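S.K.: Here it is: the structure, laid out below.
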Amino acid sequence: MAQEADGIRLDQRHGKARVRVGRVWRHAHDGSHHFVEWNVSISLLSHCLSSYRLDDNSDIVATDTIKNTVYVKAKECGDRLSVEEFAILIGKHFCSFYPQVFTAIVNIIEKPWERVSIDGKPHLHGFKLGSENHTTEARVEKSGALNLTSGIGGLALLKTTQSGFERFVRDKYTILPETRERMLATEVNASWRYSYESVASIPTKGLYFSEKFMDVKKVLMDTFFGPPETGVYSPSVQRTLYLMGSAVLKRFADVSSIHLKMPNIHFLPVNLSTKENPSMVKFKDDVYLPTDEPHGSIEATLSRITSKL
């Protein structure tokens with residue numbers, strides 16, 4: 001919300017970024033522990049125009065206070081909760097506790113700590129770090145209105161066949177050959193928006209969003225790879241991206257849109273030759289040079305079209 005004074009319109013926010021917190025929940029019934037590591041960033045939109053115009057900080061919530069609040073709220077959460085639930089909880093607190101705060105935007109990145117298994121048995125308190133992150137952004141209004149997104153960051157996927165690229169624009173700058181056989185590799189960054197429009201409307205089932213995160217991830221991966229025996233052919237990253245996004249929208253009624261960013265990470269064919277040995281290495285879809293730059297950049301947003309009737 002813009003504020004005006006002295007012929008100037010001011011849009012402002014302040015907060016605390018990269019507040020790192022680890023939380024352990026100990027379960028007495030079986031002796032197991034659950035661990036999460038969160039990187040929390042908070043922005044507050046508030047009525048504090050006087051701090052910009054005058055020597056008056058009376059409406060500013062100190063960023064150190066914002067940081068401390070994250071740890072206090074983490075301590076108060078006696079039961080395990082999802083990263084989305086924690087983001088909403090933090091947002092609700094700032095909007096209700098401080099009269100001058102009308103919007104809280106909470107971004108959290110959850111590191112992928114996974115329980116280890118020893119001799120096939122889940123360890124009660126042992127964890128290893130995985131690859132892709134679980135992300136969320138909750139925008140909470142004082143009125144209770146909510147804009148909630150979840151996401152996956154750094155989901156590296158690769159298939160060694162069932163991919164090609166043909167019939168693209170060819171001109172005097174084009175040297176790329178057409179192919180129906182290539183390796184397809186990408187690092188998926190996805191974010192999807194939920195259709196819940198208020199804090200009161202979110203599901204009450206515990207860890208609902210953690211389960212939904214795993215379900216969305218599975219749909220994305222299943223669509224990318226196809227059946228385990230045969231796979232599925234990809235004529236382009238664009239087509240595969242579209243199929244992945246539309247599969248999520250078809251499967252999950254409470255997801256209103258999804259944004260996918262899928263760089264085309266290249267594995268270049270290796271051919272080596274000399275005068276003495278013209279076939280030192282002759283590429284037969286077997287030896288590649290991995291490279292991650294430059295890479296193709298493909299991204300799109302798919303949104304559900306709702307009837308206006």
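Glycine residues also receive a Cβ, built from the backbone N, Cα and C atoms like all the rest.
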S.K.: Among R80, R139, R182, find me the residue Swiss-Prot lists at the same urate site as T63, D64, F165, V237, Q238, N264.
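M.R.: The record-listed residue among the candidates is R182.
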S.K.: Look up N264 (urate binding site) in the DSSP assignment and report helix, strand or coil.
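M.R.: It is in a strand.
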S.K.: Compute all pairwise C-alpha distances among T63, D64, F165, R182, V237, Q238, N264, the residues listed as binding urate, and give the largest one in whole angstrom.
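M.R.: The widest Cα-Cα gap among those binding residues is 52 Å.
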S.K.: Please report the Cα separation of Q238 (urate binding site) and H266 (active site, charge relay system) in Å, rounded to an integer.
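M.R.: Roughly 15 Å, rounded to the nearest whole number.
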S.K.: Can you name the residues of this chain that are 6 or more positions from R182 (urate binding site) yet have a C-beta less than 8 Å from its C-beta?
M.R.: S163, G164, F165
S.K.: Can you check which residues sit near V237 (urate binding site), meaning Cβ under 8 Å from its Cβ, same chain, 6 or more apart in sequence, and list them in order?
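M.R.: Within the chain, V237 (urate binding site) has Cβ neighbours under 8 Å at L184, T186, M262, N264, G296, I298.
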S.K.: What is the nearest of the recorded positions T63, D64, H266 to K16 (active site, charge relay system), using the Cα of each?
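M.R.: Looking at Cα distances from K16 (active site, charge relay system), the smallest one goes to T63.
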S.K.: Just name the winner among T63, D64 (the recorded positions) by count of other CB atoms within 10 A of its CB.
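M.R.: Answer returned by the neighbour count: T63.
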